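Report on the following structure.
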Amino acid sequence: MAERAALEELVRLQGERVRALKQQKANAEQIEEEVAKLLKLKAQLGPDEGKQKFVLKTPKGTRDYSPRQMAVREKVFDVIINCFKRHGAEVIDTPVFELKETLTGKYGEDSKLIYDLKDQGGELLSLRYDLTVPFARYLAMNKLTNIKRYHIAKVYRRDNPAMTRGRYREFYQCDFDIAGQFDPMIPDAECLKIMCEILSSLQLGNFLIKVNDRRILDGMFAVCGVPDSKFRTICSSVDKLDKVSWEEVKNEMVGEKGLAPEVADHIGDYVQQHGGVSLVEQLLQDPKLSQNKQALEGLGDLKLLFEYLTLFSIADKISFDLSLARGLDYYTGVIYEAVLLQTPAQAGEEPVGVGSVAAGGRYDGLVGMFDPKGRKVPCVGLSIGVERIFSIVEQRLEALEEKVRTTETQVLVASAQKKLLEERLKLVSELWDAGIKAELLYKKNPKLLNQLQYCEEAGIPLVAIIGEQELKDGVIKLRSVARREEVDVRREDLVEEIKKRTSQPLCIC
């Protein structure tokens, strides 16, 4: 070991010699000679078995976020949280991992995407897949039967990531849920109203919310002749209709899942229909579907839901779509999904969906799965697909080449002459104590021009300039960076003046 350490030291010294010669621009022959000596020493050193090449990268399906990206994210989160609070929600949090048995059997075919953790202390754990199952566990554990809550946190899925489309293995979900025994469809209608408010506030363009009901789907499968044991797996096939053609879905049903071709065709007659309340009324008259108790209940509730959506003035944003299935096993009633619409290229064509940005539904049986006595707590909720929204907002800002402020600094404390560091420190401290977001440059005697340039680059709107004359007069020169106008403000009035000038909210979206 001592020999190797000595050799490593020789390599280090020789390396420094080579670098010094290059900096001194010594002649090429001399540099070449010293490089040869360095390589010879390195050859004697041999490969270091203890050191492995380290690749600097984030794990697959994850990413870092720059200050600019975080500024956009915070603005989007503010819009969402303000809406949740406006509708009376409380906030909760749950652990990032749960007991494996808590998550097992709740997600249908998607269960294979759960991240399992190694046994570290006598418990088998998994990273949370969503925020809904932990919420149901929280309700059962705390014996809660009534709560309106929101929860914004990261979830984890061992999925094939598509980063450019906002699909990750680690990502945020923004959930809003109403738990409790209430009259039908009132909480469900409010969830759809919240979706509309958030998507409208974020100005993402035109959107449509597709609505269906699990009971209608199950009734449809029953009258079409799907065996009970295949309901969930056929449901997950139908759920792919927004991404692939009916023919591909039919081939999967028949070829992979063993459904009879005529049964698949019968399903196809239904799932390719979409419309408004008139389609609900049409299906209530359907000779087969109207004979199925489950489907009849679902259609009755959807008719009532459309009445409430009309009162909320959002019925024009909602489409009853029989192809919407939502693959998760825990849904029991109304289900919905919001998609952004692309403007059609030709007049008269229907708008095309370009991706889901929010989804949710009713899950009345989930809490009962955790309760020792099987007591059910009816629940309905929604989840905003923020990662997709972030991608869209970022792309829009890049296309517009808009500058995004990454700090909220209201004022920079600057000096016009040298030897005023103490005065700058005293003033910035006064401003901080008064709740003003303030900065100063970390130099004893910065040039005024450099201080003003920093403000322009960082988007800081105001500069509080201290000079020898201002100190004598008891004033501070307050400069507007954008207008390049200066006014003298009495020191005791400075905080109020800064607050008055920076009271306008910042807008990133």
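Cβ atoms here come from the backbone N, Cα and C positions, even for glycine.
Since we're looking at a predicted model, the values are computed, not measured.
Given the ranges 54-81, 222-249, 390-417, the record in TrEMBL names 390-417 as coiled coil. Here the domain 'WHEP-TRS' (3-59) has a mean pLDDT of 81 out of 100. Listed binding-site residues: Thr132, Gln173. The one with the lowest count of other Cβ atoms within 10 Å of its Cβ is Gln173. Residues listed for L-histidine, Asp130, Leu131, Thr132, Arg157, Gln173, Asp177, Arg326, Tyr330, Tyr331, cover a largest CA to CA span of 21 Å.
Across the domain 'WHEP-TRS' (3-59), DSSP classifies residues as 39 helix, 0 strand, 18 coil.
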